[in-house]
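Peer 1: Reproduced below are the annotations present in TrEMBL:
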- 1-24: region 'Disordered' (REGION)
- 6-390: domain 'Catalase core' (DOMAIN)
- H53: active site (ACT_SITE)
- N126: active site (ACT_SITE)
- Y336: heme binding site (BINDING)
Amino acid sequence: MDRKLTTAAGAPVADNQNVETAGPRGPMLLQDVWHLEKLAHFHREVIPERRMHAKGSGAFGTFTVTHDITRYTKAALFGAVGKKTEVFARFSTVAGERGAADAERDIRGFAVKFYTEQGNWDVVGNNTPVFFMRDPLKFPDLNHAVKRDPRTNLRSAENNWDYWTLLPEALHQVTIVMSERGIPASYRHMHGFGSHTFSFINAQGERHWVKFHFVTQQGIVNLTDAEAAELIAKDRESSQRDLFEAIERGEYPRWTLKVQLMTEQQAAQSSFNPFDLTKVWPHKDYPLHEVGVLELNRNPDNYHADVEQAAFTPANVVPGIGFSPDRMLQSRLFAYGDAQRYRLGVNHHAIPVNTPRCPFHSYHRDGAMRVDGNQGGTIGYEPNSKGEWQEQAAYAEPPLALDGAAARWNHRADDDYYSQPRALFRLMDEQQRQFLFDNTARSLAGVPLHIQQRHILNCNKADEAYGAGVSAALDKLRPLW
Ligand code: HEM
């Protein structure tokens, strides 16, 4: 391959060491267009970072079906045991910026793009099965609370806890983040969850509700606050390094994909709202069914091209997989494409990491950075007499019955946000509880007393031992601040 240096227009660069000047001691000449081009490109190298999940790591791999689930979904990627589909996965922390340290106490993003023969299917999940809230109107506020304070430009535990403790539905997620699982040792050593309820549609047009779980085959490994602090002091890129180096060594990380299933009738009779993102489906009632194995086995050759420019969206589903009434999911169906049109441009679908691996034929036209031929001379309207752009009615979903009066229903007034954190707390052994108390206390240290007390009251509603434990852990720290 000819690696000789040229300008972007392909002309040879004769000198890349010295700018053009008027004499050996004179000023630069504006006609040094190579220098101008180099600077101008350099000034535009940074693209906007993702609003959340800015710091991340990605890799390519495969998904292999190990169990038959065709009675639940007609999605072609699950069509036969042994079938393989190419994937790209990106893991991330949420609150930190692009340069943040990896080993922070935070949720981890777990996003997987399946390049199926029926289009891209993206699972854009986290390493936790639930989330802080169930109403998307409160999502921007969450991010303003966990990101930097507008005046100090510092991350603010006060803002963070002030907000969390005023959302009763957040306790479940807060309990997970403050537990020993709050700092995964690496991206390989954590589970992934689609978190929302989605739907499966089978060949008979029957719908099941479904939740996706990626169970790590590397085992769960976590860091304590002290271990993480020591690690960050030496290595801010610990998760990126771990993933990249493991794949280079040929130690390919794997996760078992499992699903929980619920019939429409079970959903209608469920005592809890199965579309509430702050709640899990109890495993004893809705057991896990094994589906296949996700393996990551190839590092991208270029981080910016593939990882930074990757665009995942829960809106990317394929026939046989659909959405659900979860309002958080519905908000996300808009948010991701919209954010990516700003972050990457209207034609971000044409960036190779985002391009379907199957033939695709959408009739969007023009726009900035259209580099794929723009459908050439093909007409851009439908209906037309030429048989172009025909819709594919065979893939319509079965109707979903919905009812109810339109209103801003207040779910906080009458729902139960404490049974599930209570159950989680009671599952923990003594040592796990102590981790939870101490992690919470360290995070709450320095936060105004009324916010600490509000959190303790919330914990008490789950289990008085939870509130008492946090309170005692705070008392132990009190002389320090
Ligand atoms: C990234 C919005 C809830 C997981 C993002 C981005 C936006 C966003 C705008 C940046 C997208 C980009 O620039 O490419 C929202 C909104 C939410 C929400 C509006 C709620 C209404 C969630 C939930 C999960 C989640 C509940 C997990 C279950 C992720 C992940 C990424 C992300 C993993 C990073 C994807 C990647 O690696 O590129 N979110 N989000 N988000 N979000 Fe959300």
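Each Cβ is built from the backbone N, Cα and C atoms, and glycine gets one as well.
Give me the structural setting of these features: burial, nearby parts and distances.
Peer 2: Sequence-distant contacts of the region 'Disordered' (1-24) (same chain, six or more residues past either end, CB-CB distance under 8 Å): 31-35, 37, 41.
Per-residue confidence over the domain 'Catalase core' (6-390) averages out at a pLDDT of 97.
In the structure as shown, the Cβ atom of H53 (active site) sits within 10 Å of 22 other Cβ atoms.
In sequence order, V94, I107, R108, G109, F110, G192, F193, S195 constitute the residues six or more apart from N126 (active site) in its chain with CB-CB distances below 8 Å.
Annotation for Y336 (heme binding site): spatial neighbours V124, A311, F312, T313, P314, A315, criterion Cβ-Cβ under 8 Å with sequence separation of six or more.
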Peer 1: Tally of helix, strand and coil residues over the region 'Disordered' (1-24) according to DSSP?
Peer 2: 0 helix, 3 strand, 21 coil
